[in-house]
Amino acid sequence: PEEICTLVIAESFPEDAGIFTCSARNDYGSVTSTAQLVVTSANTENCSYDSMGEPNSDHFQHFPPPPPILETGSYELASQKPSEIQQVNTPNLGFNMAALQMQFNSAERETNGVHPSHGVNGLINGKAYGNKSPPTPAALLSPTKEPPPLLAKPKLGFPKKASRTARIASDEEIQGTKDAVIQDLERKLRFKEDLLNNGQPRLTYEERMARRLLGADSANVFNIQEPEETAANQEYKVSSCEQRLISEIEYRLERSPVEESGDEVQEAEVPVENAAAPFFEMKLKHYKIFEGMPVTFTCRVAGSPKPKIYWFKDGKQISPKSDHYTIQRDVDGTCSLHTTASTLDDDGNYTIMAANTQGRVSCTGRLMVQAVNQRGRSPRSPPGHPHARRPRSRSRDSGDENEPIQERFFRPHFLQAPGDLTVQEGKLCRMDCKVSGLPTPDLSWQLDGKPIRPDSAHKMLVRENGVHSLIIEPVTSRDAGIYTCIATNRAGQNSFNLELVVAAKEAHKAPVFIEKLQNTGVADGYPVRLECRVSGVPPPQIFWKKENESLTHSTDRVSMHQDNHGYICLLIQGATKEDAGWYTVSAKNEAGIVSCTARLDVY
């Protein structure tokens, strides 16, 4: 991503001259850019205005050095006759006058002839001429290679030479002019945005640079500081990371129980063929505003029967009786949530969910609330109120101008959390959760209020999809209790609790034969029983085999029987010669297996 880095010198002095280097580094390398700053000192003879000067006084020939670009010089363009224009052959003025002419033309083109009081460089003072362009001094249009002349318009009479030193502008004048420059630039950007919305050409490179220097929220700041213009909420697009977070919140809310207010009237049932799941005809939008401003989320929902509406902030349901939020619903399905004065705590994701008997649907709008002084500039003084005077030294300590940029923090929020668990002793237990927040929260686990330390039986893992897991293997009776998961970051903390119940391990006992099979003989055509008794904990499973062939199911002639007391029987109705042979019965459970064999003879 691009980033514009700017070094601003509010008032230049000769000692500021030199080579300035900007370096950028990351893990993959570094890059540098170098530029030289030349500061031209003022001439020994400086100009001043004589309020009582005569019309035929000598014209002045020396000027203070021009102010640097993006600063606060305030020369006026005089629409004098060519005979009254004086040329000053000072090479150092060439670049600044070229910049002045470029800005002059740009301002005229972008404002349809209405010339702002200050341009981007702070070099223009003009007036509104309606649809007519002001007369352009001939000297500025001269195609010669000589430096363009500097035009001056004296307030009273013509300027004359004077031996006094130039007056240094006061802090109030400097600050006032800087504010005027910034205000004018914001006006131009707003005007350009209106053109863009109407399909006009895109912003130029210089305008994009100015937008980045002022910040993307320049239009909103302008609205706040000029009350005569209506402040409007600024829509913006959320990042892919925020969109994933929004999707996870909606997925969870649509599958979670909600609190019923009881105020809504129960809708009459509609025929199944006329029923329709809720859907949004107009979804919520994302807004970026300043604290103290009002904001309204609006959408329109339809469905049959009429859906019930629920509002959430960061996954937490908003009560319809909230004092801070006003919730409304019109007959056409338009739903709105409004707050008259937003605070920094209102920053977050706002979700509306519509539900009826056919299903649920939700959509989310992101609200970004910014502090009024977020851009690092002090609020402008109201009209008629001068700026407070601050001490200023030649060293120009810029400590106040290097205030840190305000970061965005989001309190941890659990997107997924487990409920109470019951696990058998000796088994594996896994507790999974997923949390969001900025910066990334740190998770800790507690058992009955005591921290859990990782060891051979307790492991804490984080998967690539952001799911945190506490794994206990094997579970013992000491692991039973109330578990607390705490997520913490710079914005705050959040937690959830669950209870783990450990079921006692059964006392396993291997099967054992109390009575074994006995060798048996039977006459052909008569019934016969092969019987035994077995015990074991848990009760064992029984398997029968004849020779090496398994008897898997009973038939009308050969059936297998078993009761709860361990009695086992193989019943053969009408034995034949083919039934003779060796029979084996096996008993098996988790603790072991045991077998017994006997012979059946048929004669």
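Keep in mind that glycine also has a Cβ here, set from the backbone N, Cα and C atoms.
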Range annotated as region 'Disordered' - as stated in Swiss-Prot, picked from 134-156, 180-202, 226-248, 249-271: 134-156
Site from Ser133, Ser304 that Swiss-Prot describes as phosphoserine, others unannotated there: Ser133
Record-annotated phosphoserine (source Swiss-Prot) among candidates Ser393, Ser559: Ser393
From Ser398, Ser550, the one Swiss-Prot labels phosphoserine: Ser398
The domain 'Ig-like C2-type 2' (412-503): DSSP-derived helix, strand, coil residue counts: 3 helix, 59 strand, 30 coil
Lowest local Cβ density among Ser256, Cys433, Cys485, which the record lists as recorded positions, within 10 Å: Ser256
Confidence summary (mean pLDDT) of the region 'Interaction with VASP' (63-67): 48
Distance, Ser256 (phosphoserine) to Cys485 (disulfide bond) (CA atoms, angstrom): 20
DSSP-derived helix, strand and coil totals, residue by residue, for the region 'Interaction with EZR' (513-603): 3 helix, 56 strand, 32 coil
